[in-house]
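Undergrad: One structure coming up, written as structure tokens, with questions to follow.
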């Protein structure tokens with residue numbers, strides 16, 4: 001059997017692509033080296049932020065707004081919502097370049113973002129402490145996503161729509177010819193007109209020339225109480241320290257507040273190098289500088305987890321066809337800020353398989369930028 005689209009890697013982007021392409025009427029085969037959702041990629045740990053006024057650059061805003069529409073639609077397929085509109089407050093020094101980008105994105109796209117000085121911040125959320133020179137940019141319409149629930153939902157919907165799924169079966173080779181793409185797996189060979197490579201951190205095992213660097217990251221849950229929950233209107237947050245370190249976190253659930261550090265981490269070259277949480281001496285203390293200064297009421301570390309970022313050289317996404325192979329789309333280099341975009345990236349992949357022109361300007365995400 002020849003498929004219209006084979007998906008290599010069915011985590012966040014691959015799961016979304018499998019659903020949207022199958023829903024569009026294509027014959028799709030989803031593959032994964034493991035059984036998604038799983039612990040080997042970048043999507044586990046229950047929750048991920050979604051921000052609209054994007055500090056990483058205005059080029060992402062149209063993508064994230066489309067993603068939000070798709071998240072809202074996906075949430076209708078579950079009793080438990082996938083998107084929780086908790087609001088997100090972005091904290092940092094008033095002269096922060098990241099916050100300047102947030103403000104610029106909000107202004108250009110007329111987004112609902114409120115600027116709060118330090119006094120107003122601490123009045124609204126007495127649990128938060130910041131220096132006098134800090135501000136907060138509060139996005140009331142943003143919030144967080146239930147990442148593993150999202151992937152489970154896409155996989156179920158794709159399967160119900162007739163998508164073939166081959167999991168726990170790593171792809172060992174990809175072959176291109178005039179008739180399309182052939183993959184080799186432990187279960188045999190499969191052929192399609194087009195392929196999506198969304199293999200995440202270890203994409204270089206299949207495409208060695210891609211400029212992607214795996215980075216071991218950790219996040220952890222700390223003892224909290226009801227003051228830090230959505231019931232008390234406590235928001236999700238990003239926070240920049242005076243030294244430039246970037247943190248992110250979520251409202252407490254079951255008296256546990258999850259937080260992680262966006263920058264830093266350990267460069268790794270193989271999956272076995274991603275040691276479990278607490279294997280690196282600094283893991284449990286990584287969030288202390290932020291918690292001590294900004295959330296001093298939070299208690300000790302309860303447990304944590306390790307994940308992996310697939311960093312591109314400029315930490316912007318890679319969305320492009322492989323050089324010399326226009327029938328193969330690669331989406332990688334999401335650099336630790338990609339999950340919120342998963343549905344729109346999946347939709348872009350489905351449009352690629354359908355032969356449609358992308359609805360977005362993807363020029364900033366082309367591979368050619370690294371050779372200029």
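Backbone N, Cα and C define each Cβ position, glycine as well.
The FAD binding site annotation in Swiss-Prot covers 4-34. Marked as S-8alpha-FAD cysteine by Swiss-Prot on the basis of sequence analysis: 307.
Walk me through the surroundings of each of these features.
TA: DSSP assigns residue 28 (FAD binding site) to a strand.
Secondary structure at residue 307 (S-8alpha-FAD cysteine), as computed by DSSP, is strand.
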Undergrad: Using the structure shown, find which entry in 8, 16, 24, 28, 307 (the recorded positions) has the sparsest Cβ neighbourhood within 10 Å.
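TA: Looking at the recorded positions 8, 16, 24, 28, 307, the Cβ with the fewest others within 10 Å is that of 24.
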Undergrad: Count, for each of the binding-site residues 4, 32, the other C-beta atoms lying within 10 angstroms of its own C-beta, and report the residue with the smallest count.
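TA: Fewest other Cβ atoms within 10 Å, among the binding-site residues 4, 32, is found for 4.
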Undergrad: Through the lens of DSSP with three states only, how would you label residue 4 (FAD binding site)?
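TA: SS state of residue 4 (FAD binding site) = strand.
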Undergrad: Whole-number answer please: how many Å between the C-alpha atoms of residue 4 (FAD binding site) and residue 307 (S-8alpha-FAD cysteine)?
TA: 32
Undergrad: Counting across all protein chains shown, how many other Cβ atoms sit within 10 Å of the Cβ of residue 12 (FAD binding site)?
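TA: Total other Cβ atoms inside 10 Å, all chains included: 32.
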Undergrad: At the Cα level, what's the spacing in Å between residue 20 (FAD binding site) and residue 307 (S-8alpha-FAD cysteine), rounded?
TA: 26
Undergrad: Can you count the other CB atoms that lie within 10 A of the CB of residue 20 (FAD binding site)?
TA: 27
